[in-house]
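**Student:** Take this structure, written in structure tokens, and hold onto it; I'll ask about it next.
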Amino acid sequence: MDKGLGAGIGDRISHFQNSSCSDGVQEPCIWASPGGARKIDIGKQIFCNRSLNMKNIVAVGFDMDYTLAQYKPETFESLAYDGTVRKLVYDLGYPEELLEWSFDWKYMVRGLVLDKKRGNILKMDRHKYVKVAYHGFREMSKEEKVEAYGNTLIRDAFDEPDYALIDTLFSLAEAYLFAQLVDFMDNNPGKDSKSTDYVRMYKDVRAAVDLCHRDGTLKQMVAKDPKTYINEDRSIVPMLKMLRESGRSTFLVTNSLWDYTTIVMNFLCGSHTLDGGITRNSDWLQCFDVVITGSAKPGFFHEDNRANLFQVEPESGMLLNTDNGTPMPQVGDISPGLLLKEKNGTCRIFQGGSVGHLHKLLSIESSSQVLYVGDHIYGDILRSKKVLGWRTMLVVPELEREVELLWELRDLRKKLHLLRNERDLIEDQIHHLKWSLKSEGIDVDEQRKMCTRMDDLEVGPVVNNSDFVICSNPINFC
């Protein structure tokens, strides 16, 4: 990464700064480029792999969970893990020893693959070669890995139903628990009355996770104390207001239902009191033109989806029938109150439906006029991009530290690159000298000079540079 380029990126991206008001309360203010009051950290900048002209964008949409709402893994994922373990023990008959287990939220990352049949966790490269494999928490040897997955062009597709992708942050806890169960069952073959069946164990873990979500175990805990499980971000409201003031529509599409959505969004966008509390109201709706809950993504993005669209009454959460988004008068009510609210510009709230309904509600003529921000590479990004042609932005919080490290080590990586180029040049010279020595017609003096030169090249200069003391194996930095 070029230093000047990185600095330029930081200067060009709009960002936010807190300014003190007369009452001493910090309020977020917007500072647009290029005269920003402070630079954004490299790990929080926006990177593009394709040009995007924002003049062509008329609507910007957001997912909620892990996009606007960034959950704390040390609390939220641990909560999900504990709830799943309790379901396994009390609902599915697993040994009570599981209740003593704990979750290491730093152990796994997204992008891994679970082999349900063999009880393995795999890390592959872009060509689907298995680079690292663990059976439970035991790293498999090279021989075991080759025997199971081969090293030829004839390889598994690593897709369902035999494999499971760890492609969401929600999946980390269940993957960790699956690895624990594999080790536990391998070491205690007679502990479970059922046979050691890794596929069955994975299905049980998935069933337990679904139970936690269906019975409201997780959402009730988050609703009681959102601050414990969700990171506060005071820049969300200024960002949304900036988009709306620019003349663009904003919308929210989430799989969460209205009761949970309003709690989370009120925490993120609500008024904060001096004691750190949150004022309970629906002011956050002013940041959006349309809110769709219970969207059932990724099916939502199929235009031939025939799911019904219901309007949500904010106060009661009651669902009302609509005609493709237009409120339908109830029996005996020829002038529905919701219709009057819409005329006053209040955000319209719906449940279900499909992308066709959304386009109609926002008066979208072309899918390329929409920019959608999400965290799920399959459920949010690929489906909306490939099926609809939306422009997309992927939120990857795990990359923040990696980008920072790349930036901090940029000078060292440049030096390593130069050294590798120098090494390649020396190896070429040595190779050329070896072949020249095999040629006929070279006199003894010339041979002696070539041998001396080759010895010097093979020994190489002694490098005494403190920058490389920490690097016993430069390949680790690539």
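In case you wondered, yes, glycine gets a Cβ from its N, Cα and C as well.
Feature table excerpt (TrEMBL):
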- D63: active site, nucleophile (ACT_SITE)
- D63, D375: Mg(2+) binding site (BINDING)
- D65: active site, proton donor (ACT_SITE)
- D65: GMP binding site (BINDING)
**Student:** Determine the Cβ neighbour count for D375 (Mg(2+) binding site): the number of other Cβ atoms within 10 Å of its Cβ.
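**Tutor:** Taking every protein chain into account, the count is 23.
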**Student:** Sorry to bug you, but what's the C-alpha spacing from D375 (Mg(2+) binding site) to D65 (active site, proton donor), rounded to the closest Å?
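**Tutor:** About 8 Å separate the Cα atoms of these two residues.
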**Student:** Let's check the environment of the residue listed as 'active site, nucleophile': how many other CB atoms sit within 10 Å of its CB?
**Tutor:** 25
**Student:** Can you tell me how far the Cα of D375 (Mg(2+) binding site) sits from the Cα of D63 (active site, nucleophile), in Å?
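**Tutor:** Rounded to the nearest whole number, the Cα-Cα distance is 8 Å.
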